[in-house]
Amino acid sequence: MIRNSTNTNNIMETEVALKDWILYYHKLCEVNSGEIFSGNEIITDFDDPVLSDPLLNLKPLPKNEVTVNKDNVIKDNDYSSNGCDFAKSKFHIKGLVGLLTTASVYIGLDNSTNPSYDISQACEFDLEDNTVQQGTGRSANMNPACKVAGFNKSSVRDTIFNIFKIPKKDEKISNDMEVNNTLSRDLDYKKDLFEFVRKYFGISEEETLIGHYTGWLLQEVLIQGNLFITNSSLVYLAHLPKLTDAVVLCGKLKLRSRLKGNPRYWCVLKHSTLALYNDPSDIYFPILSIDLNHVEEISLENSLKDENTMTFVLEASSKNYKFIAGSSHSAKTWVKCLKKQLFSIKNQSKDTIGIKFPISSIIDVECQSYMNQGQSIKVKCFDGNKNYALKEYTFLFFDKDGDSFYNIISNFIPRNMNPVEASLQNSNPTIHLNSKSHFNDKIKILSAVNIDDIICDTDSFEMTSSDILSDIDENIQPLSLKHVRDISNCKNYLKEDLKTSNKMTIQDCNKKVQTSEIQLITYSKHDSRMELNDDSKYYQGNIGNDNKGILSFKNICSIWNTSPIHNKDSDNFFMTSDPFVTSINDTTLAKIKDWFNLHDNEVLHALYYAYLIKGYPVYGKLYVTNRRLYFKSCIPGVNVKMVLPLEDIEGYNEILGTNYGNFGILLTVQNEKELQFGFNSCTNRSDFENVLQRCLDICKYAIKTPELVTSRVIESESEHSRLRFFEEKFSTEGIDIPFLVEDNPYFKTKIMPTKSYNFGFLTIGSRGDVQPYIALAKGLIQEGHSVTIITHREFKSFVECHGIDFKEIAGDPTKLMSLMVEHEAINVGMLMEASSKFRGWIHDLLVTTWEACKNLKLDILIESPSAMAGIHISEALQIPYFRAFTMPWTRTRAYPHAFIVPDQKRGGSFNYLTHVIFENVFWRGICSQVNKWRVQTLGLEKTNLAQLQQNKIPFLYNISPVIFPPAIDFDEWIKVTGYWFLDESESFEPSQELETFISKARKLGKKLVYIGFGSIVVNNAKEMTRAVIDSVLETDIFCILNKGWSERLGKEELRYEEEPEYPETIFLCDSIPHDWLFPKVDAAVHHGGSGTTGATLKAGTPVVIKPFFGDQFFFASRIEDIGAGIALKKLNVSSLSNAIKKVLTDKSIKRKAVSLKKRVAKENGVTTAINCIYSELEYARSLVVKKNHKSSNIEFIQHPNNVNDTTKTVIPLTSMV
């Protein structure tokens, strides 16, 4: 049965369409569909919103509308292209994954004669997490002892972090500091830091330093700081980090809405704003910007009732926002990052936070251990001026220094005790809470959201007393470390407590400061006085009320003729004689700041009324500040905002006005997009140009290295990722609280694992599949980890020459390639041979891969999904598992699967379905052998696509966001990191002939073009070679030719033909490192592989791509879409000559290639990938535990007719009617 509330007709139509598309996909593989699909049943789950939405929008395949051409792409019947194609591949599927897919379909033919086989076996769709499928059970002969044979689970090492303090090279630290003398540097920075503390707190010279430690103060966030013990005082000092424009966190979230349902947005958290976008590539037009200055509370929804909630709430002053994350792990990550950012926002005017109290006031100290290495130390002291009110401060230590700190403080306690204090201690016993209910009933906590709420200032340097705190926290109960996770659920107590607490005046603080014994100080470098600034009341009610700035239609005509407005208070930007200078009142400035979340250092210069042409004209106000351009619509019912950083503007031109704006201007921005504005007069436009140019000149001078566009929507800070990993490690121990690393002027904190991880990289295929892993391995080795690349024997020397360990596995894909070459057509003989050979091929691959991974005792496994075995091995070894690949492999509506690329865009439903079909067909071919291997070798139960949950696996795409922007429906664990480039140019020594050839081309002023298609197999290699030669002669260029296709000619009778003669303008070469060659040529013609395409983008080289198979069609279409080259459908003299001429002469293509070069050069794919591994590692580990837990609760049912079939739920088509 189907749990379904959808209209029956829609389901029937969808089912017919789905079956048509599946049959059509097999037509792509040139397999007789009648031999494979003979049943009338199908499996699906229409309750899955991600799956049902695109499927229910799918229409049946129109008859005679589309056909399959021999290039393995979908093609309209009316599409025509003149000329023959000499580069037509002899065998239509030659990519590695294409070969595996084709072979897997052939293997599936073995079951086609079974009457019980039906379409559901080739179309298993993933179910929701809470859905349990029934299926085949364990084999009767399964040996439980084989579960992890030869593997000791205790060998998996856990990781705790070291926090290193690296002294900063600064004159104020030590002028004569020796860089090589680490001990001297360490002593110098500690000495200078204590001198700063001495002056900061006014510590007398008579006090001597006993101990210096790094501790973390436990409040709503854990604040890293320095603890100093003198002979009379205990001091804590932390330098608060400043807000930056770096992306803290980004990803897909759903915003709960009553009117719109739960729309999905790309959310970016940075500085004081949480911005929501429709698409990661459309970053100038946020749909919603939430100013965190107005946010009062951040919490998980119903966290006590449901520990796995995926919803969290932002409570603002006038509106609440509910977000739905992709998983409970993701929701917790968002909450922690938001809380940390909110803490920084509320205290951004402060540089430091300090606590000082006499040693004599300490009456008790408690110590708890956690994770075998850390300590939580709670210090209790009293304030004699407030009836001996108790104070408690909890400090966390992530190293053994906690023992030393505890011993020193404990030694002071006996001397501090007297009868009065003893009686006080006995009357105020420590309460140890062991249950959540008791905890929630008794505990009241002090929120550390805003330090301004708990401190006050005086005129003197020693200005603040803990007496200020006593009215708030007098009844605070001791906080046990194990209850930290419930802090966020106790805010109601905090609010009640703050309402009933007495408010002290500045005068009261001044009277009591002289008798204080405890100090809590905040200090700003810019002002020695502290101020009680609370602007939240001023902005209350303004958030979300953008309609106040919307004008009625009757006012638009009059305002349209308004002259520009120049802000008089804009730092003398305009002359006083300027006729447009006007004073803008504070109320208007406050509204503008509220609308756009302006930074404190932004100054409004000018205001214009203009039209923004964004598909349709939008009338509104255009604001110019010293940092950005802002636009806000003024038409009722239209909500359009634009935020454009000035450094992104590359130029502007005057254009002919439209009907809506008689005088237009076109802005060209960094990502090659164009924004058009219309003004009512030439004067207004000229004034805007003058103001904009002045702002650009100032901005370009101040910002020498403009921020990368993609860095505004993708987190790239390594410390953020490491800190998230750090937080997740402690979250598993119950310390579910954000960590705040201090920004100390005397040293830089660096977080590194104390133990190295043992990584395994599993991949099969060609050199292009192995090379990116070498680059990533070298980056991880620099981090202190060990890496082993597990692949074919032929890459052993290539891997080991870079100092990386190598492990050999079977499964050489050249055996399948030779099988395809031997058979000129798909016939019965080929199917029989493929079936027998592929079974042995995949068996050897699975067995040798398991032996390699088991013997290596891996901690983390990263696999190219084409290797097939990694996901099962990680389950057997119970280790975190990542996937990494160079082509689209994740279900999305944004891109089709790389092996099912249509000639024209067919929409999100088609794109999504291509991934679903590919997954099912690929799994169909290998499921029987994989399940047999799981049972007999790994000791695991049989599985299917639903239970594998491949869409939940963390995925690293080693592709640049320039060519592959993250899709809006990508989950947080799917990362587009950038290319993993391996720099080989330094070690390459070109031949003298090659250097002479390049020099000759330059002296003659000829264009130099690279042409190479790799080792492809074509019908007539001789004709293709002649076409290339004739194209070179016709275009009058010099060509460096990598003629790999002539190594394996297509037809036997042509193999002994004479090689054509090459003119002097063609230089034949073998393999040359792309990073050395491509910067030296004017254009490149290649097959469109991921690595080759990335090399052309890195070099800024215009490109012509002639795809042959697999992902090459995808990258060809992407290059053409972004305007950096041409995708060639057919290769002959005419088409190739015209394409080469166009990329050499078209200035727009060259300009785009250069622009992309700058963007790719600023990316660091390896570093970003390592950061993603750190940030998603605990999530990957949780999947292993979750899968293991689920498998122990699943009841399997074995089908008697075919024990090798995968588990499935079969739904007859008739039941849908």
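Just so it is clear, glycine is given a Cβ too, placed from its N, Cα and C backbone atoms.
Here is what Swiss-Prot says about this protein:
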DOMAIN    195-232  domain 'GRAM 1'
DOMAIN    246-343  domain 'PH'
DOMAIN    590-656  domain 'GRAM 2'
BINDING   SER766, ARG767, ASP769, ASN1042, ILE1072, HIS1074, HIS1087, SER1090, GLY1091, THR1092, ASP1111, GLN1112  UDP-alpha-D-glucose binding site
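This view paints the features noted in Swiss-Prot onto the structure.
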residue: SER766; record: UDP-alpha-D-glucose binding site; DSSP class: coil
residue: ILE1072; record: UDP-alpha-D-glucose binding site; DSSP class: coil
residue: HIS1087; record: UDP-alpha-D-glucose binding site; DSSP class: coil
residue: ASP1111; record: UDP-alpha-D-glucose binding site; DSSP class: coil
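Note: the domain 'GRAM 2' (590-656) comprises 10 helix, 38 strand, 19 coil (DSSP; helix = H, G, I, strand = E, B).
Summary for the binding-site residues ILE1072, GLY1091, ASP1111: the Cβ-based neighbour count within 10 Å is maximal at ASP1111.
Residues SER766, ARG767, ASP769, ASN1042, ILE1072, HIS1074, HIS1087, SER1090, GLY1091, THR1092, ASP1111, GLN1112 are listed as the UDP-alpha-D-glucose binders, and the farthest two of them sit 22 Å apart at their Cα atoms. DSSP places the residues of the domain 'PH' (246-343) in helix, strand and coil in these numbers: 19 helix, 44 strand, 35 coil. As a whole-number mean, the pLDDT of the domain 'GRAM 1' (195-232) in this prediction is 88. Per-class residue totals from DSSP over the domain 'GRAM 1' (195-232), listed helix then strand then coil: 7 helix, 19 strand, 12 coil. Of all the binding-site residues listed here (SER766, ASP769, HIS1087), the one with the fewest other CB atoms within 10 A of its own CB is SER766.
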